[in-house]
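Student: Take a look at the following structure, please.
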Amino acid sequence: MLVLSSYRDLFTTPGAKPLAAAGLVARAPRAMIGLGIVGMLSQRTGDYVLTGAVCAAFSVSIAVFGPLVARSIDRRGQCRAARPTLAVALLGLTGLVVCSGTGVTPWADFPCVVAAGAIPNIGGMLRARWTAMYGEGPKLHTAFAVESVADEATFVIGPILALTLATAVYPEAGVICAMIFALVGTIAVTSQRRTEPEPAMRTAARGDSVLKSPGLRTLTLTFAALGCVFGGFDLTCVAFAVEHGHRAEASVALAGLAATSCLAGLVMGALRLTSRLPVRMLAVTAALALCTVPLLFVSSLLELAVVLMMLGVFVSPSIITANSLVERLVPAARLNEGLTWLLSGLSIGMSLGTLVAGCAVDRLGPQAAFVVPVGWAGCAALIVLSGLRRLGTTHQEDAGRSREPAPSGGAAAEAARSRTPVTAGRGARVRSGGLDEDESRARIGQRRNGSTAMAVNSREM
């Protein structure tokens, strides 16, 4: 009942239900395009090296252009900026479909997927809207849980739908379907002006990147490590299932992970947790790392499925907690940019994790290759532990520290020798190594301007 009441309260706010429904459609392309490209190019060319290279180029393009697109959306507003960038992405995907269907030189695929990387991060846009609607509080925590569960569901259904369309209907059908979802969903989200957050002020939008926040850098590195975990065990699980003669059952084991992750996200969204967010982030990443260790000892697909279900319990909670931390680490007007940096880290990590895991499978075999995701999970927990203090700051504190003026050279040196703080202001009383106020001023003046110091000393005498 607690779970149901929390979500019932969330959707009583005007505009919440249409926003969630439009978001389900708009976020689908992110999950579909990758496998849609695989299904399309592998059938058209039969060249898996080219297919992998094009997919990697698409992932890198998203990682590079995603934060830039998100920053533009935060600065100009979602309706004004998201639609033009979507047009660029759709133009790139259209070119990719045409190149595939006509059989022109394969190298033409690469500029097309680079342009496709401009597709807006709908997840970040939606979380920015929830933040504008609810501010800090229990409802925002529940809304972030809804987003994480929706992401999990999309990344279970989307790839299956894209690959089925590509293999059973038409090679380009998966990518074309993703394009339709992107167009309809993004227009549906951006048309809801009631929930759209205010654009960032021009001065704030043209300032430094939000990645200058130490806490956000820590989270981005953490998500890169978690991406290596997810990419690593996706490939290794498939190789393990093939080795044991159960290729088709690999997707069932991975679906079990997604199912427990969705359930854990729903439960966590309904809870009213009082623990500090940095401590919570450390707890869930450490628990996730510990749950990967049994992967080193599994000997059957059933055991693998059980371990993956255990892992899933901590996947959504880690994402929900990280999103809540970003909401504190960056200004509200630039939340989309901050969340997109996490996605960029995750995308790069998944590409790297898949690459390393593939090499490990070839050299060590599927069973021993599980050491790759286990190692990356440990790295993620260590990154959070090392940056625990940085995760506890807020964007107001970071901004305050960056505006504090540094003491001048002479004053700083004097303060260092006397081990006393330098206090600004004419009426300040400074004790420096037993000297009174006038003598201290004279000493400091000597270092700054010799002639002025001599004048001060002569007047004192």
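Glycine is no exception: its Cβ is also placed from the backbone N, Cα and C atoms.
So TrEMBL lists the following for this protein:
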type: COMPBIAS; residues: 395-404; note: compositional bias 'Basic and acidic residues'
type: COMPBIAS; residues: 405-419; note: compositional bias 'Low complexity'
type: REGION; residues: 395-461; note: region 'Disordered'
type: TRANSMEM; residues: 48-70; note: transmembrane segment
type: TRANSMEM; residues: 82-104; note: transmembrane segment
type: TRANSMEM; residues: 173-191; note: transmembrane segment
type: TRANSMEM; residues: 219-242; note: transmembrane segment
type: TRANSMEM; residues: 248-267; note: transmembrane segment
type: TRANSMEM; residues: 279-298; note: transmembrane segment
type: TRANSMEM; residues: 304-326; note: transmembrane segment
type: TRANSMEM; residues: 338-356; note: transmembrane segment
type: TRANSMEM; residues: 368-388; note: transmembrane segment
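Looking at the shown structure, can you explain where the listed features end up?
Tutor: Within the chain, the transmembrane segment (48-70) has long-range Cβ neighbours (under 8 A, six or more residues past its boundaries) at 33-34, 37-38, 41-42, 81, 85, 106, 109-110, 113-121, 124, 209, 211, 336-337, 339-341, 343-345, 347-348, 350-351.
Long-range contacts of the transmembrane segment (82-104) within the same chain: residues 33, 37, 40-41, 44, 69, 72-73, 111-120, 125, 171-172, 175-176, 178-179, 182-183, 186-187, 189-190, each at least 6 residues beyond the stretch ends and with a Cβ under 8 Å from a Cβ of the stretch.
With a cut-off of 8 Å between Cβ atoms, the residues of this chain six or more beyond the transmembrane segment (219-242) that come close are 211, 249-250, 253-254, 281, 285, 288, 292, 295, 298, 301, 304, 308, 311, 318, 322, 325-326, 329, 341-354, 356-358, 360-361, 366-367, 369-370, 372-373, 376-377, 379-380, 383-384, 387, 391.
Here the transmembrane segment (279-298) has Cβ contacts under 8 Å with residues 222, 226, 229, 233, 240, 273, 304, 307, 310-311, 313-315, 317-318, 321-322, 325, 367, 370-371, 373-374, 377-378, 380-381, 384-385, 388, 391 of the same chain, all six or more residues outside its ends.
Beyond the transmembrane segment (304-326), the same-chain residues lying 6 or more positions past its ends with a Cβ under 8 Å from any Cβ of the stretch are 127, 140-141, 144-145, 147-149, 151-152, 215-216, 219, 222-223, 226, 233, 237, 240-241, 252-254, 256-262, 264-265, 268-269, 277-278, 280-281, 284-285, 287-288, 291-292, 294-295, 298, 335, 338-339, 342, 391.
Counting same-chain residues at least six beyond the ends of the transmembrane segment (338-356), those with a Cβ under 8 angstroms from any Cβ of the stretch are 56, 59-60, 62-64, 66-67, 69-70, 121, 123-124, 127-128, 210-211, 213, 216, 219-232, 234-235, 322-323, 326, 329-330, 372-373, 376.
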